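Below: the structure, in structure tokens.
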């Protein structure tokens with residue numbers, strides 16, 4: 001059932017395709033119809049007939065909500081561990097005795113090593129899981145790979161619930177096992193969304209992965225608040241056990257969804273792929289836009305037949321650049337400092353003087369959810385690049401204020417004094433302002449950019465590499481944050497401020513705009529070396545476009561032209577020029 005529609009003018013002619021390039025329209029010969037440069041259903045327009053194309057259907061909404069449960073699982077686990085570290089029963093069973101009753105009123109505390117390992121071993125598991133999940137997704141499919149990772153997560157939860165008093169290592173290893181499942185899902189979920197979603201809503205759909213992470217964090221905060229007063233192991237085992245629900249919903253529910261169209265098409269199930277695309281677009285299978293997208297996918301499939309080693313995901317055309325950029329973005333998503341609040345939020349704000357720090361965690365979680373809804377809306381309305389680099393500066397400013405107030409005012413203030421309360425309030429306000437910026441931009445949009453950056457043949461392995469960077473830095477921060485804050489306290493915020501400032505330059509100078517483009521078009525832009533600055537206005541010269549025909553494609557270049565027939569020449573000011581035997585040397589692909 002279509003919820004929103006877009007007007008499209010699609011030509012049924014088999015002799016030429018008109019491509020909309022801003023204010024002009026140019027005709028391209030039929031062989032180029034399947035080319036990644038001119039096969040975007042949103043941009044191939046001609047005025048023979050007016051058709052209504054749904055931009056959002058109930059099927060797409062159902063898919064998004066169900067598959068995004070993979071993000072909910074991660075968010076829920078992240079939120080609950082922050083609360084466990086402050087629960088009396090959890091401290092008594094797995095902590096160490098402390099004589100400092102002022103700092104540790106329950107008489108127990110976690111050493112930096114112990115708390116760091118309990119929190120951070122989840123990230124080591126996710127690092128392993130995401131590296132394994134990519135290749136398996138190529139062999140067994142995106143859809144079929146999801147239930148096993150849900151099962152692995154459940155095994156990890158069982159392991160945590162079963163440990164006895166004092167066995168903090170068992171808790172840590174159970175979290176490692178659960179992390180395997182979370183890591184596998186962190187690759188598969190954005191990949192499934194990217195390969196299935198209609199172009200107009202693809203960014204918003206992938207952003208829902210991050211939205212559900214935030215909802216998971218908030219849900220865990222609420223459940224922790226409800227159980228933290230329990231005087232038995234139910235205080236932490238109940239929140240742990242609830243985690244089964246989310247994994248079961250995803251693991252069983254995915255069985256009622258189809259495989260991604262691109263995976264099906266590339267594995268000989270073109271009829272099913274066509275049916276799936278039509279269903280998610282809300283149009284008949286013979287709709288001209290479906291024909292165009294199928295032609296585009298077939299062009300790539302024909303060029304990518306055969307087996308190729310995994311390392312081609314790095315050695316392929318412009319792939320080292322893209323994988324490095326993707327890993328950098330995932331690293332910077334962690335180094336923005338968001339998880340500093342979510343992993344240790346309860347502990348931080350207990351130190352700030354909030355009497356019930358579980359309430360503070362709920363406040364932060366609520367702000368996170370609300371701002372991420374804003375981010376999903378922004379993913380459809382604003383460009384990726386501008387949203388990311390503006391937010392990086394905003395987040396830098398928030399951390400500068402947070403760190404300065406904490407280090408120079410709150411740290412030395414008398415507890416419960418008006419100065420301490422005022423400083424603590426300012427810190428919480430700027431923590432919330434930071435979360436608004438992060439949750440509406442860097443949280444969801446990085447996942448969207450990574451899902452859109454790679455061609456089909458390399459997507460699974462390349463996304464595994466990129467996501468592994470996220471989990472590696474997640475581990476580094478989770479493990480070392482207790483040591484760092486113990487030594488430099490709130491000055492740690494200056495480190496994150498600097499990382500946010502660096503993130504501005506990475507996005508501004510290296511990230512190509514990918515909104516409102518097909519996956520194949522984004523691939524072409526990276527292949528051709530389009531300059532990131534001004535990439536939103538990217539278009540092709542008409543003569544060059546016609547001459548290129550079907551020659552330029554990341555996959556076909558790498559597979560079919562290994563003897564030098566096609567080569568890339570980096571020419572100053574051109575952003576990359578490609579020559580082959582049929583392309584005049586004075587022709588180039590440029591950006592406006």
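Note: Cβ is positioned from N, Cα and C throughout, glycine not excepted.
Taken verbatim from TrEMBL:
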- 1-27: region 'Disordered' (REGION)
- 56-76: transmembrane segment (TRANSMEM)
- 63-515: domain 'Major facilitator superfamily (MFS) profile' (DOMAIN)
- 115-134: transmembrane segment (TRANSMEM)
- 146-163: transmembrane segment (TRANSMEM)
- 169-192: transmembrane segment (TRANSMEM)
- 204-226: transmembrane segment (TRANSMEM)
- 238-257: transmembrane segment (TRANSMEM)
- 357-376: transmembrane segment (TRANSMEM)
- 388-410: transmembrane segment (TRANSMEM)
- 422-448: transmembrane segment (TRANSMEM)
- 460-484: transmembrane segment (TRANSMEM)
- 490-512: transmembrane segment (TRANSMEM)
Candidate ranges 56-76, 146-163, 169-192, 388-410, 490-512 - greatest C-beta contact count to the transmembrane segment (204-226) (under 8 angstroms): 56-76
The transmembrane segment (422-448) in contact with the transmembrane segment (460-484), cutoff 8 A, at least 3 CB pairs, sep 6+: no
Overall pLDDT for the domain 'Major facilitator superfamily (MFS) profile' (63-515), taken as the rounded mean: 86
Maximum Cβ pairs under 8 Å to the transmembrane segment (115-134) - stretch from the list 146-163, 238-257, 460-484, 490-512: 460-484
Interface present between the transmembrane segment (357-376) and the transmembrane segment (169-192) (three or more C-beta pairs under 8 A): no
Residues of the parent chain within Cβ reach of the transmembrane segment (56-76), under 8 Å, 6 or more residues beyond its termini: 1-4, 126, 146, 150, 153, 181-182, 185-186, 188-189, 192-193, 196-198, 200-201, 205, 208-220, 242-243, 246-247, 249-250, 253-254, 257, 279-282
